[in-house]
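Okay, so here's the structure we're looking at.
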Amino acid sequence: CTVIVTRLATRDLHKPISILFCNLAVSDLFTSFSGFWISMLFITDPDITVFGSWDMLAPYALFTTSILSTIYNLVSIGIERYLAVARSMRTRFRVARSHSIAVVFVSWVLAFFLGCLPLLGWNCLQAGRSVSVLYSPFCVDYLVFITLPNVVLAFLVPLFTYLRIILILRKRKLRMQACGQATGTYKSAETQVARTSISIWLLALVSYAPFFAGVIFDAANRRCHADLYPGVYIFRNCTAMLITITCLGNPLLYTLKLRELGAKLKALRCLSPGRLRACTI
């Protein structure tokens, strides 16, 4: 919410990358809200989160939609950063504000379509043969269909884009060194991109890899719910907690550098006429 407020209240939203940052915060907000919804259902009636019911379809669909939107946003940010860095070397294409808005719209449409497929009939409330043990009443084939391509997308595309950015910055640094010019800026940018990309990878690995492993276990498992209770469901709850923690890590990695955040919040407080003179002094 802090990311959304600061982005909307300042002129940073005019930049294409800021639109993607703000949309990423919206996706994380939806993930947190749907996770809270599922947690309340688990507190009030734990059995429906184990054996599945109609009441679980809507929160699970919203949770899936928000996770897919987050993945598409992370991929879009990586691609936008690559195009911004490579623009002056190989391509004249420039990412405009309209492009970012179109990407946001398409990502949400795709996320809602794929996430709401169980609400449209692809669920196992009536046919229990391929029902998911961890995420009832979802079907195992639906989880595999959703998880495999999107996990590959979330890992491979950022890997390619950020590695390409590092290589481009290194080539520029070597070219400037050959011309006898200072390369401190490019060296600092290369180090910052490398640290950010490693952080993104570690966060994605810690948060999504257990969920991916749970889906693989779900697809290979042939035992019923009672045989796996409670250990497997504790693991499922831990994976949901990791995904929710990702919603806190994304703003820290992409938008909320503490000094910049403090400066923006201070600027927002200074917008009121009564405080304008005091803040100026």
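Heads up, the Cβ atoms here are built off N, Cα and C, so glycines get one too.
What TrEMBL lists as domain 'G-protein coupled receptors family 1 profile' is 1-254. Per TrEMBL, transmembrane segment is recorded for 17-38, 58-79, 100-122, 142-167, 200-220, 232-256.
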Same-chain residues at least 6 beyond the ends of the transmembrane segment (17-38) with a Cβ under 8 Å from one of its Cβ atoms are 1, 3-4, 7-8, 49, 56, 59-60, 62-63, 65-67, 69-70, 73-74, 76-77, 80-81, 84, 95, 97, 100-101, 103-104, 107, 240, 243-244, 246-248, 250-251, 254-255
Spatial neighbours of the transmembrane segment (232-256) not adjacent in sequence (6+ beyond its ends, CB under 8 Å) are 2-3, 7, 21, 24-25, 28-29, 31-32, 35, 38, 42, 49-50, 67, 70, 74, 77, 133-135, 196, 199-200, 203-204, 206-208, 210-211, 214, 217
Residues outside the transmembrane segment (58-79) whose C-beta sits under 8 Å from one of its C-beta atoms, at least 6 past its ends, are 17, 20-21, 23-24, 26-28, 30-31, 33-35, 37-38, 41, 100, 103, 107-108, 110-112, 114-116, 118-119, 135, 138, 146, 150, 153-154, 157-158, 161-162, 200, 204, 243, 246-247, 250, 254
Under 8 Å Cβ-Cβ from the transmembrane segment (142-167), and at least six residues away from its ends along the same chain, one finds 64, 68, 71, 74-75, 78-79, 81-82, 85-86, 114, 117-118, 122-123, 132, 135, 190, 193-194, 196-197, 200-201, 204, 208, 211-212, 215, 218-219
On average, residues of the domain 'G-protein coupled receptors family 1 profile' (1-254) score a pLDDT of 78
